[in-house]
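Quick notes on the structure that follows.
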């Protein structure tokens with residue numbers, strides 16, 4: 001009998017521990033996972049936000065809306081302050097200019113003592129000048145009294161300082177000064193220009209026997225007789241021309257003032273409707289917030 005052949009030598013060392021292969025394969029798997037995904041030292045992901053119930057969501061929405069409403073109210077107050085300041089500045093400049101011009105026009109006008117003025121012309125001219133100066137000085141007085149207080153508040157860089165401004169309480173006085181300076185004062189100024197033209201040019205007329213330096217005496221007499229027969233002197237013609245020009249300008253001014261006022265009122269009305277809609281939305285949210293405990297909520301009614 002032949003002896004049995006020895007088994008072939010094994011490539012693996014039987015004396016090596018079995019745990020070595022498992023540790024090597026585990027390190028390979030860990031390196032593979034670390035190479036494929038995030039590094040092993042990365043912080044864990046934050047937990048998802050907790051579910052918000054419907055009453056809590058209503059409360060958060062209401063607080064956010066009220067915060068936005070507070071900021072919008074402050075912005076609206078600042079816009080009103082800047083608008084009031086601009087109106088007062090424009091009123092003061094316009095009133096000072098037009099009243100000064102009216103005073104100079106009344107003082108510098110030279111009346112012809114030899115001319116027989118119509119009885120009502122000088123009275124109307126004097127009354128118009130006096131009312132014009134009084135209206136503009138009243139608007140200038142309001143602007144001078146209120147404007148420094150508004151300027152002092154507008155120069156302070158603080159959002160809450162708008163409450164210290166008197167523009168809300170003095171709103172009617174500001175609008176009155178604006179109307180006196182821009183509407184009534186401008187119309188009186190146009191009338192003042194027309195009356196000044198009549199007072200200045202009405203005495204100008206050519207004498208019947210006065211020769212003209214550029215024409216022969218015979219021709220001057222013919223022209224003078226023609227002007228006397230027509231009944232319109234050169235001064236009257238100049239006054240009538242100025243009146244014919246100023247009357248359409250006054251009508252255009254009145255139409256523009258009415259159109260501007262209607263457009264401004266329409267814009268303010270639209271803004272009031274928008275604010276009323278916002279207040280209705282606030283009231284709805286407040287009502288839902290007040291009655292959130294009256295309705296029983298199921299556990300599944302959540303907003304993620």
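Cβ from N, Cα, C; glycine included.
The annotation compositional bias 'Pro residues' is assigned in Swiss-Prot to 1-11 (among others).
Summarising the annotation, Swiss-Prot assigns compositional bias 'Pro residues' to 41-50 (among others).
Marked as region 'Disordered' by Swiss-Prot: 1-50.
For 3-49, the entry in Swiss-Prot reads region 'Required for generation of inwardly rectifying CRAC currents', with the evidence type similarity to another entry.
Annotation source Swiss-Prot lists region 'AKAP5 association region' at 39-61.
If one looks beyond the region 'Interaction with STIM1' (72-92) by at least 6 residues along the same chain, the residues whose Cβ comes under 8 Å of a Cβ in the stretch are 139-140, 142-144, 146-147, 150-151, 153-154, 159-160, 162-163, 165, 167-168, 170-171, 174-175, 177-178, 180-182. Feature annotation from Swiss-Prot assigns region 'Interaction with STIM1' to 72-92 (among others); the stated evidence is similarity to another entry.
The feature region 'Interaction with STIM1' is assigned by Swiss-Prot to 275-295 (among others), with similarity to another entry given as support.
Under the heading topological domain 'Cytoplasmic', Swiss-Prot lists 1-89 (among others).
The topological domain 'Extracellular' annotation in Swiss-Prot covers 108-121 (among others) and rests on sequence analysis. As a summary of secondary structure, the topological domain 'Extracellular' (108-121) carries 4 helix, 0 strand, 10 coil according to DSSP.
What Swiss-Prot lists as topological domain 'Cytoplasmic' is 143-175 (among others), and the listing cites sequence analysis. The topological domain 'Cytoplasmic' (143-175) scores a mean pLDDT of 82 in the predicted structure.
The topological domain 'Extracellular' annotation in Swiss-Prot covers 197-237 (among others).
Taken from Swiss-Prot, the feature topological domain 'Cytoplasmic' applies to 259-304 (among others).
Annotation source Swiss-Prot lists transmembrane segment at 90-107 (among others), citing sequence analysis.
Annotated transmembrane segment per Swiss-Prot: 122-142 (among others), in sequence order. Remote same-chain partners of the transmembrane segment (122-142), defined as residues 6 or more beyond its termini with a Cβ less than 8 Å from a stretch Cβ, comprise 88, 91-92, 94-96, 98-99, 102-103, 105-106, 111, 173-174, 176-178, 180-181, 184-185, 188-189, 191-192, 195-196, 198-199.
According to Swiss-Prot, the feature transmembrane segment maps to 176-196 (among others), an assignment based on sequence analysis. Beyond its flanks by at least six residues, the transmembrane segment (176-196) meets 87-88, 90-91, 94-95, 98, 101-102, 105, 109, 121, 124-125, 128-129, 131-132, 135-136, 138-140, 142-143, 242-243, 246, 249-250, 253-254, 257 of its own chain at Cβ-Cβ distances under 8 Å.
Residues of the same chain lying 6 or more positions beyond the ends of the transmembrane segment (238-258) and with a Cβ under 8 Å from any Cβ of it are 183, 186-187, 190-191, 193-194, 197-198, 201-202, 204, 232. The annotation transmembrane segment is assigned in Swiss-Prot to 238-258 (among others).
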Non-local residues, at least 6 beyond the ends, that sit with Cβ under 8 Å of the topological domain 'Cytoplasmic' (143-175): 74, 77-78, 80-82, 84-85, 87-89, 91-92, 95
DSSP helix/strand/coil residue counts for the region 'Interaction with STIM1' (72-92): 21 helix, 0 strand, 0 coil
